[in-house]
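Over in Swiss-Prot, the protein carries these features:
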- 1-15: topological domain 'Mitochondrial matrix' (TOPO_DOM)
- 16-34: transmembrane segment (TRANSMEM)
- 35-40: topological domain 'Mitochondrial intermembrane' (TOPO_DOM)
- 41-66: transmembrane segment (TRANSMEM)
- 67-72: topological domain 'Mitochondrial matrix' (TOPO_DOM)
- 73-105: transmembrane segment (TRANSMEM)
- 106-128: topological domain 'Mitochondrial intermembrane' (TOPO_DOM)
- 129-152: transmembrane segment (TRANSMEM)
- 156-183: transmembrane segment (TRANSMEM)
- 184-190: topological domain 'Mitochondrial intermembrane' (TOPO_DOM)
- 191-223: transmembrane segment (TRANSMEM)
- 224-232: topological domain 'Mitochondrial matrix' (TOPO_DOM)
- 233-256: transmembrane segment (TRANSMEM)
- 257-261: topological domain 'Mitochondrial intermembrane' (TOPO_DOM)
Amino acid sequence: MTHQTHAYHMVNPSPWPLTGALSALLMTSGLTMWFHFNSMTLLMIGLTTNMLTMYQWWRDVIRESTFQGHHTPAVQKGLRYGMILFIISEVLFFTGFFWAFYHSSLAPTPELGGCWPPTGIHPLNPLEVPLLNTSVLLASGVSITWAHHSLMEGDRKHMLQALFITITLGIYFTLLQASEYYEAPFTISDGVYGSTFFVATGFHGLHVIIGSTFLIVCFFRQLKFHFTSNHHFGFEAAAWYWHFVDVVWLFLYVSIYWWGS
């Protein structure tokens with residue numbers, strides 16, 4: 001490394017933003033092909049490219065931060081601001097879905113039968129699987145906080161235990177959501193109710209999968225002693241993201257499952 005007289009990380013040119021963008025294009029195009037033509041070839045290529053990009057980009061960032069020491073306090077401050085702004089953008093993303101839901105449900109049009117849920121729609125019981133899902137995510141919020149406090153106190157064993165519990169609960173939530181979708185008495189094509197329900201809860205489910213991926217990476221990094229009590233922004237960002245996913249679900253549960261039913 002050449003000598004530098006400032007605390008900032010001058011990032012080397014990287015191909016991963018480009019391959020990541022191309023993999024996103026392939027995945028969205030692949031989803032369209034799967035939905036309309038029942039062909040998963042393009043989707044699988046997109047997913048594979050995305051997995052390879054994630055692995056190699058994470059590898060580079062871990063090398064730069066943990067082994068080369070580029071993540072100085074000044075760099076970490078910038079990363080924190082970046083993560084906060086990213087979560088704010090995600091809040092606005094979900095605000096759009098809640099807006100669509102309340103726009104349709106607070107003043108149902110004659111086409112919907114003048115009522116909500118629309119005529120012919122049998123909504124899911126909010127006291128069955130959705131309530132279990134709420135309990136699972138709230139429990140995972142407790143366990144991720146336990147993991148964070150254990151890490152700050154230097155308790156590696158309890159940090160790994162709590163993180164493993166959080167990941168398990170995240171995967172369990174995803175499986176419950178998948179079973180709920182499979183058994184739902186309506187589909188995404190059942191008018192505005194079906195589309196707002198599946199798009200809002202589906203994007204939340206995608207965020208749970210992304211958050212679980214972040215936490216799995218943190219788990220393997222902690223197994224390799226990458227985090228210390230005062231240098232663990234990778235884990236902190238994942239924990240913030242998980243709490244965001246948790247809060248969004250509470251709004252989804254109260255709005256769409258409970259009030260909307």
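Using N, Cα and C of the backbone, Cβ positions are placed for all residues, glycine too.
Residues of the same chain lying 6 or more positions beyond the ends of the topological domain 'Mitochondrial matrix' (1-15) and with a Cβ under 8 Å from any Cβ of it are 57, 60, 64, 68, 70-75. Each residue in the topological domain 'Mitochondrial matrix' (67-72) has a pLDDT score, and their mean in this model is 90. Counting same-chain residues at least six beyond the ends of the transmembrane segment (233-256), those with a Cβ under 8 angstroms from any Cβ of the stretch are 61-62, 65, 71, 76, 79-80, 83-84, 87, 90-91, 94, 98, 101-102, 126, 130-131, 133-134, 137-138, 140-141, 144-145, 147-148, 151, 166, 170, 196-197, 200-201, 204, 207-208, 210-211, 214-215, 217-218, 221-222, 226-227. Non-local neighbours of the topological domain 'Mitochondrial intermembrane' (184-190) in the same chain are 120-124, 197-199; each lies 6+ residues outside the stretch with a CB under 8 Å from one of its CB atoms.
If one looks beyond the topological domain 'Mitochondrial matrix' (224-232) by at least 6 residues along the same chain, the residues whose Cβ comes under 8 Å of a Cβ in the stretch are 62, 66, 71, 151-154, 156, 218.
A Cβ distance under 8 Å defines the sequence-distant neighbours of the topological domain 'Mitochondrial intermembrane' (106-128), meaning residues of its chain 6+ beyond its ends; these are 180, 184-186, 190-194, 253, 257-258, 260-261.
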